[in-house]
Ligand code: ASP
């Protein structure tokens, strides 16, 4: 090896040892006859000292010529530092350098490679390999590595078998667009990249594998956001001969294992909530439970008092912002403007301040007397010093708006503590979801999800009311995973496709293989998949999954480092029997 030690391991106990280190030059400080070089590698930083008199002149000159990020090797003796640096673990020693070899010179990097850098996003993405040299960036990927190892440990201990499934497949319906790959040997035909290994993992259950998992890349051609990438990673799992309860317990176990072993956090109880309650009380199928502010419906106390906006509303709903009674007029006006922005879309915001003297001050004092407002306060459990915020309108959009307002208040009042983790199972999702655009029902999870047996008759009469055996794991308002108990017989699967608007031929063409498999002894089965990148981001306390991916794509789905996607040669297109209709300028 080109080194005897790493740059992170030498301590006072190593004084007088002869060592050889190799790494990158972090910094050179030249005080004339005295030069310090901070040498960095993945493990830490060690200081080298070159001193006039004790080292020969050419060595000193060589040290003076070192630039940032040069790759060097140096040997010398470990000595105790006179002025110690207690901020780094190697801060009590330095190396009195006796040799210096430049293994590779380096151009001046386009941004400073330190925890605090001057490089903008786009520049750091272009030089991602340099960005990855920064501790703060590398540490995120080390966290990801730990989570991966611990996941495998837990799954293996629970008898899950890791099986790889193909990447060149045909369309899987997870609700997004597919990425497709042209087939050269089958002109005019295309593979699709998997949006998930859904059908394969179900087939593995038919094969009797009993417990499957895979840490797997999935591909979805969707519009990008901070927490979305066109290719992302799932912890994908499936189990046979289980009930929903078994799955929830097994994967609560995984989540707990990761929290204990990676984050050293003892996770509290994983709450459970039906989808219907999540919508009613939080207006959201992934409520952030780090703070309360549950919705309280005020229709019965707020209607019929002459305030026509409330009287005409399907829903009048309030939250109580604890301690926000001190909000100034200006702050409340700003909140009102905020909810009226097109992204939120509320028409207005009604407030009630609960004064310290037990009186109330509201924006609708004209219509409601103190007793009326007291009734609101009682319902919302508002105390002196609190602020009640009320929205009204049609139930669906009002809940959505209130959900946004609740999250904003949580943020503004500092209630979203990154060190608090509130996991929650959201259960009993609707099986189907009406899509206004296509004027038909879509599978809310995917078409292989089983309806609740008792709701099957509703499929004919009220499809929107059918509940599914489907569940999501939510942590702090982020959906970390989702899954379902599957359909495992042909007639039910066929019925499902029918309700999703497939003709029999279409269903057969796309999923005939699965329905046929169900006829060869398919065990009852179910599973779940976790969004691994998001899971890492939650552990790392970040909103962006990009930081947890070594080579991510930017907001337009580009890898600016390797410049992809890119055009391909006409020759290649010809081979693939593809003609480009409109070339990019
Ligand atoms: N395949 C599903 C998804 O990617 C997860 C599952 O049902 O297991 O969302």
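Each Cβ is built from the backbone N, Cα and C atoms, and glycine gets one as well.
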- line: As TrEMBL has it, region 'Aspartate' corresponds, among 190-193, 194-197, 198-201, to residues 198-201
Message: Quick check on the annotation: TrEMBL has 220, 221, 222, 479, 531, 532, 533, 534 binding ATP, so which of 229, 493 does it put in that site too?
response: 229
- line: As a whole number of Å, the Cα atom of residue 486 (L-aspartate binding site) is distant from the Cα atom of residue 479 (ATP binding site) by 20
Task: Taking only the Cα atoms, work out how far residue 479 (ATP binding site) lies from residue 445 (L-aspartate binding site), in Å, as a whole number.
output: 13
Field: residue 532 (ATP binding site), number of other Cβ atoms within 10 Å
entry: 26
Sparsest-packed of the listed binding-site residues (220, 445, 486, 534) - C-beta count within 10 angstroms: 220
Message: Looking only at the region 'Aspartate' (198-201), what is the model's average confidence as pLDDT?
response: 97
